[in-house]
Each structure stands twice: as structure tokens, then as C-alpha cells.
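K.L.:
This structure is in C-alpha cells; I'll ask about it shortly.
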Amino acid sequence: SSVPGLAAMTAQQAPPEKGADGSSQPSDAAGAGAQRSMSGGPPRSFNRQTTVPRKPLDVEKLGDDPDILELRQSFDPQQLAVLSRLRSCDHSFAKKALPTRNPLLRAWQWWCAYLLPGMGMFSEAYFIFAIGNIEPLFEVQMPNCWACSEGTACTCNQTTVDNVQNIEISAIIVGMLSFGFVADVIGRKWGSRLTMIIMFIGACLLTGAYGPTDQVFLSVFCFSLFFYAVGVGGEYPLAASSAAERAEGDPELRKRRGEMVVLTFSQQGWGNFTNTLVILLLLAMQGATGPLTSREAELTWRLQFGVGAFICFCVTVYRWLYLEESEVWKAEHEGVQQELVDEGDKAALAGKRSWREHWVIFKWTLLNSGVSLVGYYFAAYTIDRKWMGRKRLQSMGFLMMFILYLPCGIWYNELVDHAIKWFQTLYFLSSFFNQFGPNCTSFLVAGEVFPTDVRAFFHGISAAAGKLGAILAASIFSQVDTATTFYCSAGAGIVGAVFTWIFLPDTTGLDLAEIDRYHRFMLAGQTENYHGPAVKPKHLSMYERWRGYGKHYDARLDAQQRKLQDMAAEREEWEHPPSKASED
């Protein structure tokens, strides 16, 4: 929508355009202004070299609009010129699917739009949860390695056997940090391709893992698992960032961004379910309903890995042939590089990646650190609702885990010995509220609170912090009894609820474009002059409000700055019209 009075003022400012015959024609600036979003920058066809600083805006040419005159009284011309360029790019890149009344075709379109992007998470969960599922099969095939007891000659290094999960988690952390950074440099498309290629190769290695002795097999298996898990780690920040940006690119889906991300993440639950189902079917096909033989155990775990490798292959082919780059990332990547050039950043001027945008986020970082499937979909349905949102959902999930785990610890022996159904009910409910709570929200919020151009990297850091917590929990739980484990889990639930309420911002209803716009102000050292929705108290954490970030919110001043930025964008477009090649 256009700013009131802007079209008329800018029409007077615009130079005459040339018609097809070379004669002067009336300016169409009013139409251009009407088509530009308030938060958006120049049209997508507008392109320029990002190693060349833009010419500072001459504020004297902006006319006598009352809002602009008020801004000129508040800021000197140099600072006003800086503020005029601190706008986010246009994020509208919707691609409409062909309308159809065919229910099967509509279901296919829905699956492609919401669930196909999450097939990387499906593959990740299929293999990661498989490790726990196939350990009993390894114990049958190699009892003196995977089930070695005291007084028995072990054929494997037991420290390695005990730390298979930690090896897996360590590799996931490596992937989260490395591919999170890489995806912000080379883009979501190539980042997603690389992670899935690594996962496919790792899946093949796991399927064919072999060794002449149990110890050699264990070494080959651990290497293959580490290799695969690096790709898994990269899938976390890429899946979250890509899903959030797909929703952001479609104006009709922006208010359902949480639903889009959670549905992508829900494929993790289907991967877990499918792996268990495949193992059961393979055992049934062999007639292995009683004690297993070594051959039946080996055939089962190799074939279930083979099924997963085929799934990885299909996803790899899809991503190589059909996956498109995130248009939101492309727009913001170019826009941020241009801002760094305008700020005189040496790396950006040389056409290189600048670490400045990472450091500024470290300085202003927002803190975040069957039954399951139902929890995923409950979360997808409620997470964008104003009465629920991210923060309430995560707080509720943590609180319910505290309530459900505590009695499991207090009455563990009584429940297990005399009321096993009640114990199972409590445990299943805790699983439900884990998915209908922090498991979904921590994946979603880390993909929203950070600016687009560094989103994958910082999501990777957030996710890696979670995996470090998993390693810590595994180390503690291995040293205590089961009842104490439930006590620790209950304590973690109440601590998580308190930390969520104090430190977690609420991005429900906040456009990612506004977070990107706030990022521009950070890069320019103008955070105190940002007055937009990103610092509106309802979106801030209790800690941020206590720090006084919300005092800068001022809708009237923000509207004035948006008008200034839109006018500057229009003038920049007139002074640097797009070439015919860029329009094509």
C-alpha cells in the first residue's frame, strides 16, 4: 500500500519518462509507489553491483511532506541519509499452485508444499532413532561386543560401545555449526543438496559396514555414523530456515509461518515411526517371532538401513533436479551486502564475506536455547494462534513435563510394580507435551529470531547448544538410577519453563522482514533510532523489557521512517533504473 500523500509528492519530484517515440510522457511514479510494500525496498528487478557504495540521499529533494520535515528537524542530513536506506527487501515471492477440485491432486499439492520440504528431517529421524532400535540386533549378532558382561572376554572396546550416542551427537553438532554457516554463504539450495549427499553416502556406508573382527566392524560403523550425522546436523538449520522463508515469501502464509515450520519438523516423527515399522515388517517377513539368529539380526539391520538409504537417494535426486533457492534469502543476502558496502566495510568492498553481521548479532542476540506425532500436529494447529503462540506453548510444555515427570520419580517403584498402566500414561503424556511444546518451539523460534542472512548459522548454534545438553544429560543419567532420572527431568522442566518466561521473545505475528529491517539498523549502529514492531513490548522477552529495549517502540516515528525509506527507494530506482537484462 502507498503512503498517503506520497504518490502526489513523488510524482512532482520524478523526472519525465520517455515514450516509445522518444517524447516525454507523464510519470508513473504514483503507480510505482502504490505497488511497493511499506516494509519493502526496490522491486526485485532492481539490481546493482554490491561492491559499489550507493550515493547518499539528498534529503533536500524529498519535498515538504510534514513527516519528512519533522524527521529533518530531529536528525542531521547525514544521519537522515543513513536512516533512509535501512529498509528490508521485498519478501513477496508467492508462486500459486494451479487450482483444482480433484481431492487427490489437492492432497498431493498439500504434501508437496508442507511435508516434502521436511523429508530431510524424515531421513534424519529414520537413521538416528534406528541406532537405539537396532542395538538389540547387534547384541544378538555380536554378544561379546555389544552385550559384554563383567568376567567375559570382550571383543570390542567397551568405552567406544558406551559412547556411540555421544559420537553421533558430536557429529550432529559439527554439522549444525559448519553447514549453518555454509548455508548463509552459498544459499539454502546448495546447502540442502550438500547435506543430503552426505546423508546418502553415510547411509550407504552404514548399510555396508563390515569388518573381519568385531572391533574393526565397530570402528567402521562409528566412522559411518559420524559421517552420516554431520549431514543430519546441517539439516536442522537448513530445514528451519528454508521453511520459515518459504512462509515469509507468500503473504497468505506469513501468519501461518509457525505451522509451516512445525509441519516440516513433524516429518521427524514420521521418520521415527517408519523405522520402527520397517524393522517389525522385516522381522515378520523372516518369521522371526521368537529368539533371533545371528543371520536374522544382521539381515534385519542391514535391510532397514538400505531402505533408509533409498529414501535418502530419492530426496537427493529431488533436491538436485527441482529444489529452488530461497528468494527471501537471495534478496536479503544482496541487501545486507549492499548495506555493508555503504557502511564502508573493507571485506564487503572487496566482495568478500564480512564477519561484522555475525558479531553484531552476537552483541544483540535474543536468548533461546504415535503419541509424539499427535503432539506435532497439535503444535502446528495452535502455534500461530494469538491465544497460544510460541512462548505460551513452550512454557506450557516445560511445565507439563515437570508435572508429569515428578510423580514418576516420587512413586517410581510403586507405579512400576503395582500401577504400570498409570506409569505408561504419565510417560506417554510427557512425550505428547514434549512435542506439543519445547521440541517444536525450540526448532521454530531459532529459525525466526535471527536475520535472514545469518539465520542458518545462528540456528545451528542454538541447535548445537541443545545437543550439548543431550550429551550432558546422557552423562548424568548413566550415573544415577531411574527414579533420579525422572527427578532430574522434572527439574529440567521447571527450569525450562522459568527461563522461557524470562528470556524467550515471542515472534508470533512478527514478520521476518521486520527482523531483517532491525538488523540493518544494527549494522548501521542505529539501534536506538529503530522504532518498529521488532521492539514492540509484546514481542520482547521479560529480560529485554527490563533492559529497556521496548522504550524505543513508537509507531508514529516508525511510520515516518518507513515513508522516508520508501521515498528514498523510489528516488534510487529513478536515478538507477534497472537494465533490460535485469528485467528479463
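Keep in mind that glycine also has a Cβ here, set from the backbone N, Cα and C atoms.
Heads up, here are the entries from TrEMBL:
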REGION    1-61  region 'Disordered'
TRANSMEM  111-134  transmembrane segment
TRANSMEM  169-187  transmembrane segment
TRANSMEM  194-211  transmembrane segment
TRANSMEM  217-239  transmembrane segment
TRANSMEM  260-283  transmembrane segment
TRANSMEM  303-321  transmembrane segment
TRANSMEM  361-383  transmembrane segment
TRANSMEM  395-413  transmembrane segment
TRANSMEM  425-445  transmembrane segment
TRANSMEM  457-477  transmembrane segment
TRANSMEM  484-504  transmembrane segment
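A description of the local structural setting of each listed feature is requested, covering burial, neighbours and distances.
P.N.:
Same-chain residues lying 6 or more positions outside the transmembrane segment (111-134) and placing a CB less than 8 Å from one of its CB atoms are 97, 164-165, 168, 192, 195-196, 199, 203, 206, 225, 228-229, 232, 235, 238-239, 242-243, 246, 260, 263-272, 274-276, 279, 300-301, 304-305, 308, 311-312, 315, 318.
Remote same-chain residues near the transmembrane segment (169-187) are listed as 194-195, 198, 225-238, 241, 325-326, 329-330, 333, 353, 453-461, 463-464, 467-468, 470-471, 474 (criterion: CB distance under 8 Å, separation of at least six residues from the stretch ends).
Packing against the transmembrane segment (217-239) from elsewhere in the chain are residues 117-118, 120-121, 123-124, 127-128, 131, 142, 145, 156-157, 160-161, 164, 167-180, 182-183, 188, 191-192, 194-199, 201-203, 205-206, 209-211, 264-265, 443, 447, 455-457, 459-460, 463-464, 467: each is 6 or more residues past its ends and has a CB under 8 Å from a CB in it.
Counting only same-chain residues 6+ beyond the ends of the transmembrane segment (260-283), those with a CB under 8 A from a CB of the stretch are 114-115, 117-119, 121-127, 129-130, 133-134, 239-240, 243-244, 246-247, 253, 289, 292, 296, 299-300, 303-304, 307-308, 370, 372-373, 376-377, 379-380, 383, 435, 440, 443-444, 447-448.
Within its own chain, the transmembrane segment (457-477) is flanked in space by residues 165-166, 169-170, 172-173, 176-181, 183-184, 233-234, 236-237, 240-241, 358, 361, 365, 368-369, 442-443, 446-447, 450, 485, 488, 492, which lie at least six positions past its ends and keep a Cβ under 8 Å from the stretch.
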K.L.:
If you count every Cβ pair below 8 Å, which range out of 194-211, 303-321, 395-413, 484-504 shares the most with the transmembrane segment (425-445)?
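P.N.:
Against the transmembrane segment (425-445), the leading stretch is 395-413.
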K.L.:
Count the CB pairs under 8 A between the transmembrane segment (303-321) and each of 194-211, 395-413, 484-504, then give me the winner.
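P.N.:
Comparing 194-211, 395-413, 484-504 against the transmembrane segment (303-321), the winner is 194-211.
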